[in-house]
Amino acid sequence: MNLSIVGSGYVGTTVAACFADLGHDVVNIDIDESVVETINAGDAPIHEEGLAELIAAHAGPEGTGRLRATTDYDAVLDTDVTFLCLPTPQNDDGSIDLSVMEAGASQLGATLANKLDWHTVVVKSTVVPGSTADTITPILERESGKTAGEDFGIGMNPEFLREGTAVHDFLNPDKVVLGADDDRALADMRDVFEALIAAAAAPVVETDTRTAEMIKYANNAFLAAKISLINDIGNICKALGVDAYEVADAIGLDDRIGAQFLQSGVGWGGSCFPKDVRAIISAAQAAGYDPAMLNAAVEVNDRQPARLVAMLADHLDAHRDGGVDGAIVAVLGLAFKPGTDDMRNSRAIPVIKDLQARGATIIAYDPVAADNAPNYVDDVTYADSAAAALDGADAAVVVTDWDEFAALDEEFDAMATPIVVDGRRIIERRDGITYEGLTW
Ligand code: UDX
């Protein structure tokens, strides 16, 4: 099929490249000319495992020609289905900010005014229930002068891929959710996903757009709450002298609980969980319901960085005059999780700010996120290696579970005082260092 993907963020670019790989002809539309040029040169605009190879295989001089990028919305006219993959950030009060989606829908609608035959528009961005039907559809109708369900179709197809494993996750989904408000839109979506569903043997959930939107929030809210619950239990374990990881391994054997997302520590960050949990809380409150569990999930998540810093402060108080004040603290890891340079809502941000407020000097190391870090934290010295960050430091705190930190050993001997407080259970406990785990 001929597909247009609006938006070249990590979802849009991944989806465009993967659909091209599955045999569709794909055009990726974005307002950012440099991103468009990068894709057309056969390169990836973001770092995602396997993405550069897919883009090189289908765009650029050596490619199959099944993928191209443009800034021109008219490219939509040569396609059958458009996926909207635009950002949905949060307002200051936590509610969803649909302005980028509305602008995109407006431009798309104006373009569809010139489309002679049927077209299906699929919202892939995470939007609160009702947004596709009540906000996006009326804009498309107004700008195109056409009627949804008669002249064009409306679908909603939430995306569950994770950053860092985006290509793998897109091509190997646990489920494909097809939300549609009319039969022809549903038929188009089935056609688009036929090859993927067959290759991945993924179960398909067919529903309306409003339910599809809620499935995405429920999915993310459940996972975020699961981590907050194991963090709550982990904090209890710590207080009672129990290793939360031993407990998690055991409860994960119960199929009803499951082994994944039971790693307790400094909490969840990233571009999705924090924003999406707040957006669905806000939507629920606007509808008259205050969700107690999700409020608590946010509260537990907000507490973990402060608990990590408090533990570090206790050790420094015991080992040096002034405690944290005036201490050099090595922060290991800045990204919100390993495998990405993304620092959005990383737990490193509150940890560093708290330490600085207590008078610490921060020297940080991350294998890939250091270039992004100055957008989120000030007055930090960046080291080229974990060893360099640790050299001469009064204490170290681990915020991201990069694999390479597991191999650290004699590097701790170069610290002024070998105090290590681990927020991710990645460092080996050993003689000669004062080691403290957040929940173990
Ligand atoms: C998440 C969802 O997993 C994905 O389905 C959705 O499409 C987007 O949001 P992502 O933000 O890429 O994906 O990261 P994920 O791997 O889910 O991790 C989120 C956060 O939870 C990270 O900060 C991670 O460190 C933390 N986490 C994860 C834990 O603290 N413990 C765990 O056991 C798992």
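Note: Cβ is positioned from N, Cα and C throughout, glycine not excepted.
Around Arg344 (NAD(+) binding site), the same-chain residues six or more apart in sequence whose CB sits under 8 Å from its CB are Gly269, Gly270, Ser271, Phe336, listed in sequence order. Here TrEMBL flags Asp30, Thr88, Thr126, Glu163, Lys275, Arg344 as NAD(+) binding site.
Residues or ranges marked as substrate binding site by TrEMBL: Phe160, Leu161, Arg162, Glu163, Lys216, Phe261, Leu262, Gln263, Ser264, Gly265, Gly269, Lys337. Cβ neighbour count for Ser264 (substrate binding site): 28 (other Cβ atoms within 10 Å of its Cβ, all protein chains included).
Annotation comment: TrEMBL describes Cys272 as active site, nucleophile. In the shown protein chains, 21 other C-beta atoms lie within 10 A of the C-beta of Cys272 (active site, nucleophile).
Residues or ranges marked as domain 'UDP-glucose/GDP-mannose dehydrogenase C-terminal' in TrEMBL: 330-429.
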For Lys216 (substrate binding site), just count the other CB atoms lying within 10 A of its CB, please.
25
Return the residues near Lys275 (NAD(+) binding site), defined as same-chain residues 6+ apart in sequence whose C-beta is under 8 angstroms from its C-beta, sorted by sequence, else 'none'.
Thr88, Pro89, Gln90, Asn345
DSSP three-state assignment (helix, strand or coil) for Thr88 (NAD(+) binding site)
coil
Those recorded positions, Glu163, Lys216, Cys272: which ones have a Cβ sitting under 6 Å from ligand 1?
Glu163, Cys272
Mean per-residue pLDDT in the domain 'UDP-glucose/GDP-mannose dehydrogenase C-terminal' (330-429) works out to 97
